[in-house]
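As annotated by TrEMBL, transmembrane segment applies to 33-55, 67-84, 105-130, 136-154, 161-181, 187-210, 222-242, 254-277, 315-333. Residues or ranges marked as domain 'Phosphatidic acid phosphatase type 2/haloperoxidase' by TrEMBL: 63-178.
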Amino acid sequence: MSVIFFYFTKMIKFFHFQGCTQKYIVKNYFYYYLFKFSAALGEEVFYITFLPFAYWNIDHSVSRRMIIVWSIVMYIGQVSKDILKWPRPLSPPVVKLEMRTNAEYGMPSTHAMAATAISFSFFIATMNLYKYPSELGLAAAFVFSTLVCLSRLYTGMHTVLDVIGGALISAVLLMVLYPAWDTIDHLLLTSPFCPLFSIVVPLVLCYNYPKLDYYSPTRGDTTTILGAAAGASVGFWLNNQYAASTYKSVQPGLPLITSTVVFVLARFFVGILVVLLTRWLMKSVVLGVLGYRYKFPIRDLEARRRLEVEVPYKFVTYSSVGFTATVIVPVLHKLLGLM
């Protein structure tokens, strides 16, 4: 804690509080950009790129397991925040470099939970599939999760206890879920009830999210995560039922020849373009329909925060994203000869 405090004092020359405005001068740009980047590894921009990338270029089973763990861990973490209602660190003395999540409660850190869940589930899922030094994989998972955890301290968004609590909760959940991975994966692919279960259960959880005294983005973020996982789960089931073609996966540890690199990049950029277009299109359509139904302008932020608007808007949008990433994009890749 004293080390983090030292870097805060080196980074900040002065504070001037005027309402919610904080002025500061960055003195160490290396730490500033390192931890700002690390913080982004626990946000939507990372989820919407890395998880589809794993599905398109690494291995379907690895991607499925990461998405299962990620969605369960994040739901428990988000709900725990709004049940415990532990406040964020006071400012001053800390400087808050993020404002969007400032309205959320602090304990546990869902950035720490997500980073721990994704990095270690990726390591566990790949260590028996590919030949690479297990020590190297374990070290990479540890470094990834540690950087994200430290970024939450550096940006002033969490206390040390928040971060440690988040990482420990995620580790416990991983140990609980790991023995059931194969069973869950089998049911996800073969059960005739999978599509219904994948849609209904997350929707019920979103509509019955813990109520707060004031608006917080946690419900919307939770709906986004569960929606994406629901759409992806339906996609996994459909692909298995209709024996969809599988990708030639990238083998970690092997030298990548030029053609392989080109295929990987082509898959990624084509896929991510389609995913982002899907998100934009569905967001516009769903908000338009809900705006017409509930009589509010699309740009009315307060109206979009209402339960009857926020949950269907985000769930439909991101379930479409998950479905597109697992079904539509692979079809497009096959048509373009990128399988």
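Just so it is clear, glycine is given a Cβ too, placed from its N, Cα and C backbone atoms.
Restricting the average to the domain 'Phosphatidic acid phosphatase type 2/haloperoxidase' (63-178) gives a pLDDT of 85. Taking residue pairs at least 6 apart in sequence, the transmembrane segment (33-55) and the transmembrane segment (136-154) share three or more C-beta contacts under 8 angstroms. Note on the domain 'Phosphatidic acid phosphatase type 2/haloperoxidase' (63-178): DSSP counts are 83 helix, 0 strand, 33 coil. Pairs of Cβ atoms less than 8 Å apart link the transmembrane segment (222-242) most often to 67-84, out of 67-84, 105-130, 161-181. When Cβ distances are compared across the two stretches, the transmembrane segment (187-210) makes contact with the transmembrane segment (67-84), since 3 or more pairs at least 6 residues apart fall below 8 angstroms.
Sequence-distant neighbours of the transmembrane segment (315-333) (same chain, 6+ residues past either end, Cβ-Cβ under 8 Å): 48, 51-52, 55-56, 199, 202-203, 206, 223-236, 238-239, 244-245, 247, 267, 270-271, 274-275, 278-279, 282-283, 286, 339.
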